[in-house]
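J.: Here it is: the structure, laid out below.
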Amino acid sequence: METKRFIILILLSHLVLFYSIFDVYFTSPINHGMPVHRSTQSPRAKRLVLFVADGLRADKLFQQLNNTPYLNSIIQNRTSLSGISHTRVPTESRPGHVAIISGFYEDVSAVTRGWKENPVEFDSIFNRSTYTFGFGSPDIVPMFKRGQSYEHFYIECYGADNEEFGNERAHELDLWVERQFENFLLNNTLKNELHKDKIIFFFHLIGIDTNGHSYKPWSNIYMKNIHIVDGIIQRLENLIENYYKYDQKTTYVFTSDHGMTDWGSHGAGDDTETLTPLIIWGSGIRSSRHTDVHIEQADLCPLMSYFLGLDYSINSVGRLPIDYLLPVDEDLLQAYLQNARQLLEQVHKQYDLLKQRLLFFKSYDLNEEKFFKRMETVEGYMNLYQIRDDIKDFMHRVALASHYYHTYRRFLLSILIIVGFLTSICTILYQLNPMKPLSSSIALLCKIISILIFILLIIEQSPWTHLLYPALVCIHIWLSANFAINWIRQKVFSQIKYISFWLNLFMIGIFLQTYILPFFYRWTMSIGVFLLFIDAIRRCQGSLLHDRRRLAYGILLLIILIFPFLPTVGTIKITLSWCTVLSGIITLILHYLYFKSDSQQLYIYYIQRICLILAIIDNYFVHNLSIRSPLIHILSWILLIISCFLPFFSLSIYRLKRLIIIFTSILTIYILLSTQYESLFVLFLCLLMLTWIITYEQQQQQENIRLFTFQSLLFIFLAFFGTGNFASINSFDPSIVYCFLTIFNPFLMGFVIIFKYILPILIVTCATAYIIKNPDMIKNFRLYTLIICDLLALELFFFIKTEGSWLDIGESISRYVILMAMIVILIAFHFLAIIVNLTKSDLSQNNEQNIFARFYSNFVQLYRPVLSKSYSSELNYEQSIEHYRFVFNEKEYSKISEESIIMLNTNIIERTIIYHPTPNFEIIGTRYFYHRNPKENDSIEIELINPIDYIFRNVQKPDHYFYLSSFDSLEYLTEVPIMPYYEVIFNCTSLFSIDKQIRPPLLSYINKNIQWTPRYVLDLSLFNTDKQPTMHAYADIRNHGEQSIVIKEAEFIAGDINLYQRPMEYLRADSSYAKRMYIPESSGGTDNSFIHTLDEQASGTHIYELSLPSSITLIPRSIKSIKFFETNVTIERFLYYSSVFSTVNSHGKLLNSFNLTSHNNFIPNGFLTLHEQGRFIGQIYLPDITQGETYTMKFGYDADVIYRRQVKILEDNKKSKFITYNVEYIFENYKLSHDIHLYFIESFTSLKYFQIKNISISNDNKNLPDLISYGTDLRGYMIIPCQRIPKIISYNLITYKIKSKLYIHEQ
């Protein structure tokens, strides 16, 4: 498959698989059109007051009740219910309020739709009330002003700009709610409405949640806000009681939408997030106080409906907590039964929808008719409590039925997702091993089944998202099913009996588990890092102390393996912001030391240093001095934008410098986003990646792409888990956004948080892209990465739990979501690394890009566009002279024809070629380590001062200068310079075309490292006479050199062309002059054409132009095959028999032969591989075949056709001295349905005087000429019929010993 299409397909596939978790496990339970049921005819209160303290943890309230004296007095002294309300995943504000007010648990995808307004119509107690009065956050309160009515909902909210994180005044928002309600009671025009029955007051208090995010739940500010809320509740209750004259008709409910982790976040299923406080007092609580209440959060909705006598919300799944509403009476049981009817209506609706849509459906047996009959007759019950228990048991069955219908398609969808993963892996494997697989009946069956499932879901009118999964499976099966079946047969079934297969399978499983374990235990990342440390010591060359690169690599591995053992970021209860400042200072120092001697791109270096300094100051002001002004936010955004785009403006020809610029930009951004020790980790990660690059290139060996992929993935997981994360969606510290915003904006905050946690992954991705420069290895690395990640995601998919604690359920889902997100991020980031040119080599001839190539038989002529920035040309505008400089290493130059090096589309004034036996030192100030005595391994750091005369100075002793004549003892810190090398310099003027436009200059030269040979493939269907065979011609291009060449267009030339290369003596560059060749303007570059076109008739050559759909890359020491033409040929098949006359009887088989005629093309000499209906016949070397010429080919013997030869003496006349022989040939064709043509030839060159008489041939010869005597041969064509019908040839041969009269008479 084409690479672009493959990438798009894989990216879309993983997006679908990423979304699948929400489609399978988080689907909306909302249905419409169910009838309503009134809770009770005898309400226990006229009004209800709902307090929701956003983000309040249960333990922080009940374990420190002295902090809330008023709530404590209610619990201790008044008739009340107090205890725990259990929330569910996702523990966010919107789903929590929906559960409290509407009674159902909203799917997680609703969190992404917004907070301020609900896009889905659902019922709530606010809709069922007479009037609702809401006060609080603009993100929560207006959310419920949709539904059946608008007029009865009165709301007052503060501005969204007031929701500011990071200051100690968040409690003022709660005080605003109190003041606003007080003003509302004093100055309102809704007195009549306020005195109606069934009204609700809703107070949303957000201060605790805001301070929890900012200062963490263990802080004094969090506890202080709880104390303030306690006072607000007391004062609000007094206001309401005073307003209603203490009529004892008000019920108060105090709870929270969710809790909060110790690091100030929420969203998953930890106990600190799912356990929220609940206190209910006032009218309706008739029994003594209960202090150990445990109810589900959704149960609050029917409970509040019961207090006010409202209709139950039709979407509610909550059950009335009857165990805490003692004593049990008939009215309470009736309300409980009505609750069961309301739940049953939802089950009926689910049943109707599925029954109407599905072709195959099995209902859930509820036995509801028997239950309601018992309720009507009330027979068999001893007391009311038994009725309560029976209703409770029925409601439990209703809940099971609802879950059964709600998850009815979950099993099928899960199977499709699993198959989607497996087929996606098969497609990746197919891309990794592109071959034409044989068709398989099993593969065909799989295709049919996938299509049938897709059609089934369409007929059942399934949601469009459900259709994505079978469509995904269909696409992948259609692409790779045949390959997968053949691959399993070859790689699995053929090896399954060997113990090595199971051992390899076991080792692969162990490797995969090393990546799975960090999702459960962060510290296990250190095991893999320690193994890398052991490997670094093992690979050390000589003493570890003297192998400085590997020593630094090992030290950094030991440092970085400490981080997975550290506590999660945000859970440390001490200030570690000094780590951020320290990491910034170290980065600034290292940046200055590395680039201080570089005189190019100074503006980029200065901008980066300024950004670093401003980022350090910004972070210090925000996290140490708590200064969070809008000016700091603007500055932070400016630094973020500059740091993101600055690497794209780097024009450095050295990839390592570009990489360090990228790392510096990432560190600048990370300093703005750091709160504790994570910036130190990222700094050490950058240093580790740099030493990894240097040590990896030091190995100077071909990369093992599989081991490299495992190592790279280990670093990627280290980049994620090492910064203090663990595999849960609630492991992110919201305080990291304080440098950018403190106003509540969930989407922008989420973007910044995610951006921070993928930056370390970008660091590893860039380092990986730097190391693997080979395009084929880049492709293989991506594919191996995708395979490993898909296997990990598939394993985590099996780990997803739907039962157990919400902590286990939430974390199992979080792990899968995080891994799937990492897969998409890795794909995107690797392409980003390519954009900033990390996978391209530095300036040299070792990587030719986008060239036009003319391929001759034993060399290639290259035409390469010259870009001034890419090849260091300097344009002198005053003299209109362009200077172009090119560098070739010595080995590369030895395969270049010196006379062929020329610049096209320019007027060449001068060409200079200089040989340099020493390295190409170019940048002044570059530092190296020089070993003065290699045996003792002592070294000094030296700095380049004069690149022409090779003058250096000692860095430790700047006044010590010296001339370096030997470069064998230099240790290169970055990339090894080319040594020795040739330098080719052109001085040219621009050449204008007729339209006065400057054509781009071209560098042209002949390279003998690259050769091509034609190769032909011909598949015969000889017995199908209606089909003319097609010969496919391929060009096998061999690159024997050490450079990669990227070819955009190609032209293949067949024919004999001589190449003469005159030897040339070059002077050393350090001599007084260098050899130059002067070319007059009149003789150089006068042709306006882009590339000369050869004349076939004039040159006697044949040209094949090839327009490539995409560029092809010839990597060093490789063979690339591309298709360059197809031609229809005529193939005539026959059997060939040839022998010299002998008197000995014989038998045997006949030789397969073919006549090949080309009608359209000249066929250059090359190897031809012949197949017949996919079966290999043979291979032969073809000579040059001109158009219309016929060439005979012979391939082995036909096993189905045999012959027998018998020779008899009829007469032996010794007197006349002649002998008469009878020769008989019997040919038999064992083929069942095909006659065979035979070309027969028998030679009599061993006889001096002879005569042939009485030639006879059996059977019909179908108008073919009979055997004839031709000179000393007997030859002719005949047909051998199939089914063993004998073909008999016979003749008499008379031989004479002397030239007798009889012989002369016969002649």
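Yeah, the Cβs are placed from backbone N, Cα and C, and that goes for glycine too.
So TrEMBL has the following annotated:
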DOMAIN    403-805  domain 'GPI ethanolamine phosphate transferase 1 C-terminal'
TRANSMEM  7-26  transmembrane segment
TRANSMEM  411-430  transmembrane segment
TRANSMEM  442-461  transmembrane segment
TRANSMEM  499-517  transmembrane segment
TRANSMEM  523-539  transmembrane segment
TRANSMEM  575-595  transmembrane segment
TRANSMEM  602-621  transmembrane segment
TRANSMEM  627-649  transmembrane segment
TRANSMEM  656-673  transmembrane segment
TRANSMEM  747-771  transmembrane segment
TRANSMEM  783-801  transmembrane segment
TRANSMEM  813-836  transmembrane segment
J.: Where does the mean pLDDT land for the domain 'GPI ethanolamine phosphate transferase 1 C-terminal' (403-805)?
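T.: Here the mean pLDDT over the domain 'GPI ethanolamine phosphate transferase 1 C-terminal' (403-805) amounts to 81.
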J.: So, does the transmembrane segment (411-430) come close enough to the transmembrane segment (602-621) to give 3+ Cβ pairs below 8 Å, pairs being at least 6 apart in sequence?
T.: no
J.: Have the transmembrane segment (499-517) and the transmembrane segment (783-801) got at least three CB pairs under 8 Å, pairs 6 or more apart in sequence?
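T.: Between the transmembrane segment (499-517) and the transmembrane segment (783-801), contact is present.
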J.: Hey, which bits of the same chain come close to the transmembrane segment (7-26), Cβ under 8 Å, at least six residues off its ends?
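T.: Result: 1, 107-109, 410, 413-414, 417, 420-421, 424, 427-428, 465-466, 468-469, 472, 475-476, 786, 793, 800, 802, 813, 816-817, 820-821, 823-824, 827.
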J.: Where among 411-430, 575-595, 656-673 do we find the most Cβ pairs under 8 Å to the transmembrane segment (783-801)?
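T.: Ranking 411-430, 575-595, 656-673 by Cβ pairs under 8 Å to the transmembrane segment (783-801) puts 411-430 first.
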J.: Taking a Cβ cut-off under 8 Å, which residues six or more beyond the ends of the transmembrane segment (411-430) line up next to it in the same chain?
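T.: Same-chain residues near the transmembrane segment (411-430) but 6 or more away: 1, 6, 9-10, 13-14, 16-17, 20, 23-24, 453, 466, 469-470, 472-473, 476-477, 479-481, 483-484, 487, 783, 786-787, 790-791, 793-794, 797.
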